[in-house]
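Below you'll find the structure, written out as structure tokens, and then a few comments.
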Amino acid sequence: LAGGIILGVALWLRHDSQTTNILYLQLGDKQAPNTFYVGIYILIAVGAVMMFVGFLGCYGAIQESQCLLGTFFTCLVILFACEVAAGIWGFVNKDQIAKDVKQFYDQAFQQALMADSETNNGRAVVKTFHETLDCCGPDNAIGAVTPLWRDDLCPKKDSILKTFLETSSCHKKIDELFSRKLYLIGIAAIVVAVIMIFEMILSMVLCCGIRNSSVY
């Protein structure tokens, strides 16, 4: 059940419309940074393997098989080690993920403001960012006045003044998006780690109980 929950959360994060709209973008021959998906794929793999390993543990407990319970324990140790490694990787790269996406957005924004922007897809990339995140412009002076002089790039409001007052910086929105998603991944990883620790303890207790049983 825990494996199924983790797999479901990971698949939801993988196919979330906001992240897929942004991370599938291409600026010329440059692909949007998709480092974020590394953590998602690890969660998907852990969830799928946990479901299989959980079945192995249940079957081993029903059959009272020391071999199956020992295999179950070994698989859990390997999964736990992989999860700790993924957690360390995520903690180290949590700021870099948003930074890379912001740099990609800034490059597209600069191209969208150029006179020959119609010859590249910078304008389309920027508009996708703006519509997906409901934002307009980077976190600087140019970005602050973008809704006034380039309202064609910004999400449409009732008036230009309302667009200027109610539209947030895209840098801020990108930070919010990935910090929220990484927060969910972190919670899922902690829940899995706690469950795994209990599973390892209980499987060893059961294995030792079977070994010491008078039946054998």
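Here, residue 1 is simply the first one shown, and the rest follow in order.
Note: Cβ is positioned from N, Cα and C throughout, glycine not excepted.
Note that this is a predicted model, so its numbers are computed, not measured.
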Determine, on the basis of TrEMBL, the cysteine among CYS135, CYS136, CYS154 paired with CYS170 in a disulphide.
CYS135
Looking at the disulfide bonds in TrEMBL, identify which of CYS82, CYS154 pairs up with CYS136.
CYS154
Please report the Cα separation of CYS154 (disulfide bond) and CYS170 (disulfide bond) in Å, rounded to an integer.
11
Other CB atoms within 10 A, centred on CYS135 (disulfide bond):
24
Are there residues at least 6 beyond the ends of the transmembrane segment (68-92) whose Cβ is under 8 Å from a Cβ of it, and what are they?
38-39, 42-43, 46, 49-50, 53, 56-57, 59-61, 182, 185-186, 189, 192-193, 196-197, 199-200, 203-204, 206-207, 210
